[in-house]
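S.K.: Got a structure here, written out as structure tokens. Questions coming.
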Amino acid sequence: MAKQLSFSNESREALEKGVNFVANAVKVTIGPKAKNVVIDRKFGSPDIVSDGSTVAKEIEIENPISNLGAKLIEQVASKTKESAGDGTTTATILTQKMVQEGLKNIASGASPIELKKGMEVGLDFVLEKLSSKSISLSGSDIQKVATVSAGGDEEIGSIISKAMDIVTSDGVINVEESQSLDTELDITEGMSFDRGYSSPYFVTDQERQICELENPKILITDQKISTLVDLVPILEEIQKSGSPFLILAEDIEGEALTTLVLNKNSGVLNVASVRAPLFGERRKAALEDIAILTGAKLISEDKSMTLDKVSINDLGKAKKITITKDKTTIIAFEDTKDLVKARVEKLKREVDMTDSEYDQDKINERIAKLAGGVALIKVGAATETEMKYKKLRIEDSLNATKAAIEEGVVPGGGQTLIEISDDLLNLSQTSSDDLRTGINIIKEALLEPTKQIAKNAGFNGDVVIAEIKRLNKGFNANSGKYEDLKNSGILDPTKVIRLALQDSVSIAAMLLTTEVAIADIPEPEPAAPGGPSGDPMGGMGGMGMPGMGGMGMPGMGGMGMPGMGGMGMPGMGGMGMPGMM
């Protein structure tokens, strides 16, 4: 494909247009008086969102060079979302201001490399100050942070606070849609562990990049699976039952993984696989815990058990399993509650019997995972559009609250950034010209979140900042008053601000030091089928279907192994393997 090239100031200006295009759409979503963004969908009703990352992902610009700028700032939002779970709009606003100020100075003759160095020096100073201002989160502050992060919705803040209180900060809290009008909190059996799907091709929700299995059967084994020969009998039973299927094994690789992906994507099996957590003996112990939670039998080599002898009765089950790229959450049925309780009591006895502090800690971690359960926040609303909106709000609020527990909080509303901005003045005065300019870019950017919060609430941002400095108080955009934001419970998670700053400086500095931009030249739209007349029947010849190996017809033994030319196992119709005809 032919490429379009853009150089020097021309390329940077085009990239800036893309940055502004996205940032101007995103920044209306910050603060308690934030506005919403409505997004058209080809199928179904439109989405109404107030999440910066979601808005940024939807934007495509016709100019290919400007679109690169749009994608760069979208990367800021998505990276901050991935790392902190919140703060995407703040990161976007910071990036836009840094890019705008940086390009002004480059046009005036400043060195992009020196600006970058100055920005990095300024960032290090800001992060050090931010850490020193951070305070630990406890008690009622948890509800305050959750409420602020939910746009001032006290109901959401209360529900998240209750969930945190019940399952603790290490517990599992899931958000799902409800059939009722009310948003409710439900505590159920379950656990999570730090392992994600073996392949992204198992994802069932492309937008959220997660795999969800409803009422699945679960195979749990401490063996490594590289070929599916031994699993053919149980896969046949699963296919007949129509149940979703999860394989939890020491590892699943090679031909076995390829075959599962093939059958998943062809609709033959609703399947996913996950590697077992931990290592060595602790891995086996963790698998035993999961087996008890799900009512499964652990297929172990130590017990001389082989995969080819597995029956449907050896499998576990769950209400729901949610798998991300690095985490798996199991929501169990209540019928294993007594077994889980007995397992927890056994583990407590093991803690009393060991003198090793390390072993005690590890066993206590297992107890916490088994006994903690899963908190389900069931989101209710009158319409599907409202439900999606509330669900996003709750997820952002939950992530922000977890971040606040991790690294503490600072007074919100941008007040802390304004205070640090003033501190940067002394640093910039002792630096060389271009280095000082880079530091000043950070200084100016730190004021921008407060300006936008004020603007969204109908106030003049410059006036608000001047009053904050004069009164030495924060601005409550909800009430329009200047007050002690810590006492008012308007708090921002330190982790969210830290990551927003780091991500914004990273992308802004890269963009400012860009000299050449290369993008594909869009190809013209192909002519409509059937030629100029638009005859819908034109060009329909050649409806052969080569390359469809692996989709054997029912009863034809379609589950043949690679290279067997369609010679499948008897009765295994429809489940194709690589290399089949």
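Placement of Cβ uses the backbone N, Cα and C atoms for every residue, glycine included.
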S.K.: Out of Gly190, Gly196, Gly413, which is the one Swiss-Prot records at the ATP site of Thr29, Ile30, Gly31, Pro32, Asp86, Gly87, Thr88, Thr89, Thr90, Asp492?
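M.R.: Answer per Swiss-Prot: Gly413.
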S.K.: Just name the most isolated of the binding-site residues Thr29, Thr88, Thr90, going by other Cβ atoms within 10 Å of its Cβ.
M.R.: Thr29
S.K.: Using Cβ-Cβ distances, find the residues under 8 Å from Asp86 (ATP binding site) that belong to the same chain and are at least 6 apart in sequence, listing them in sequence order.
M.R.: Thr80, Ser149, Asp396, Ser397, Asn399, Ala400, Ala403, Pro493, Val496
S.K.: Give the sequence-ordered list of residues that share a chain with Gly31 (ATP binding site), lie 6 or more positions from it, and have CB atoms under 8 Å from its CB.
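M.R.: When sequence neighbours closer than 6 are ignored, Gly31 (ATP binding site) has Gly413, Gln452, Ile453, Ala454, Asn456, Ala457, Ala477 within Cβ distance under 8 Å.
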